[in-house]
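Swiss-Prot has this to say about the protein:
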type     : residues                       : note
COMPBIAS : 1-21                           : compositional bias 'Basic and acidic residues'
REGION   : 1-61                           : region 'Disordered'
COMPBIAS : 28-39                          : compositional bias 'Basic and acidic residues'
CROSSLNK : LYS51                          : SUMO2 cross-link
REGION   : 75-96                          : region 'Disordered'
COMPBIAS : 85-96                          : compositional bias 'Basic and acidic residues'
ZN_FING  : 103-200                        : zinc finger
BINDING  : CYS136, CYS139, HIS155, HIS161 : Zn(2+) binding site
DOMAIN   : 225-555                        : domain 'USP'
Amino acid sequence: MSGRSKRESRGSTRGKRESESRGSSGRVKRERDREREPEAASSRGSPVRVKREFEPASAREAPASVVPFVRVKREREVDEDSEPEREVRAKNGRVDSEDRRSRHCPYLDTINRSVLDFDFEKLCSISPSHVNAYACLVCGKYFQGRGLKSHAYIHSVQFSHHVFLNLHTLKFYCLPDNYEIIDSSLEDITYVLKPTFTKQQIANLDKQAKLSRAYDGTTYLPGIVGLNNIKANDYANAVLQALSNVPPLRNYFLEEDNYKNIKRPPGDIMFLLVQRFGELMRKLWNPRNFKAHVSPHEMLQAVVLCSKKTFQITKQGDGVDFLSWFLNALHSALGGTKKKKKTIVTDVFQGSMRIFTKKLPHPDLPAEEKEQLLHNDEYQETMVESTFMYLTLDLPTAPLYKDEKEQLIIPQVPLFNILAKFNGITEKEYKTYKENFLKRFQLTKLPPYLIFCIKRFTKNNFFVEKNPTIVNFPITNVDLREYLSEEVQAVHENTTYDLIANIVHDGKPSEGSYRIHVLHHGTGKWYELQDLQVTDILPQMITLSEAYIQIWKRRDNDETNQQGA
């Protein structure tokens, strides 16, 4: 080998050794940098919150370029309260420091209770999502999430609104610092969002006449508060107000434990009606409300969904149709059936009657042929037992002619005259497309709360006509004993009823409005409610209205004895 080639060989060997030395020192340096990375990240205030010994092996073995993505994802996933998250923070020694911040949050004075309204759907104001919804307690808006890049987090940074309430867990948080706030001064907000009642409080509701004061200073009686008319839902408002003043039904829904464990088939949406009605009852009777009215927005959305848009918020509906559908839907959603299984709805409102039906020959037939047909079995009177939720009372036909002053005559009829339909003697003819029938009705069981629906609207081929006849009725002491047969009278000790709710329809059939008169049991006074307006009214004025739906309460033994004394 020549001298030149020997020198080149020694040079190449030396170069390899230097490159290997540089490569190994580079690897050592990179490993040292990787070991220092958590310390450097914590000193820079990085969002990394979990020490490396708690990271999965995949995260430890990942290249340095992937680690920041893992951190961001981990931070965004830590959103809801969970025990594993708290355990990890405890191992890191962060629980004590967070507890100190939780109990001494500096932003509690920024909460604005006057803008808080929990009556509307728990929906993010930016993304249409119900999941993980938070309410900003500074401006009252709803946002989704509280992790990094969530709408609530961005809102807190952009507008310096720091206090948020989880609308499902009822926990308070400070953002963007992301720690839970624990303070007893926030209990009033939690109670407005989800009112609760003890058995003792429920038992005393009808014995108290104490006024409550809202946050804005207005006073109100719990249970006698206005319902917001979103557009054309006053027909539903009146019915819901009436049902909220029926004590057994109200008491059942004020206590959520009575119905929350009822099992329904998978995918059943009807139970939503029960949940929303219970929430509305608790809000109407909340003595610690921030305002003296309630919005039935969530309740009506459930009605629209469960009725398949038969009843809507934006279109006027019929109060009797809505009442009939709502009571039957509520009964079904609570697990009731038509014949056997009972619910609170049937216990309160369901009565029974005998219906006697007799088919009539066609009026155009000769008299001899009619006489022969009446001897056939088909034309003999039949009787069936039937249950009812309400009684329909028929009004006499309104006059077509005007008086001498060119004004329409508004007739009047006593309540007992139209109740004669159910005395078991009075017959009424009913016509179908092909056949005519004579029917008579006799009551066999009177419910604790009796609903009268006065039939004011009749439909023909062209339009709906309203009967303006005024029904004269007493406010108290309506005895229905004479409408029962003798054997049924022996079973019923009390047959005397007092009025507790009176729904009125004013105006034309398609353009009219609804209002309601309700009795407050604690004060013994009557109040008129029309949407948000609440005024007291004299009992004598109630009888002058065009009553459409009435709810009567049967007296018990104690009340009857007091009246007799």
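Each residue, glycine too, has its Cβ placed from N, Cα and C.
Minimal Cβ crowding within 10 Å, among the binding-site residues CYS136, CYS139, is found at CYS139. Long-range Cβ contacts of HIS155 (Zn(2+) binding site) within its own chain (separation 6+, distance under 8 Å): CYS136, LYS141, PHE143, HIS161.
Using the Cβ center of CYS136, CYS139, HIS155, HIS161 for Zn(2+), the list of other same-chain residues with Cβ within 8 Å runs, in sequence order, LEU137, VAL138, GLY140, LYS141, PHE143, ALA152, SER156, PHE159, PHE164. Under the three-state DSSP scheme, CYS136 (Zn(2+) binding site) falls in the strand class. In terms of DSSP secondary structure, the zinc finger (103-200) contains 27 helix, 17 strand, 54 coil. Mean model confidence of the zinc finger (103-200) amounts to 94 (pLDDT, 0 to 100 scale). For HIS161 (Zn(2+) binding site), the Cβ neighbour count at a 10 Å cut-off comes to 21, with all displayed protein chains included.
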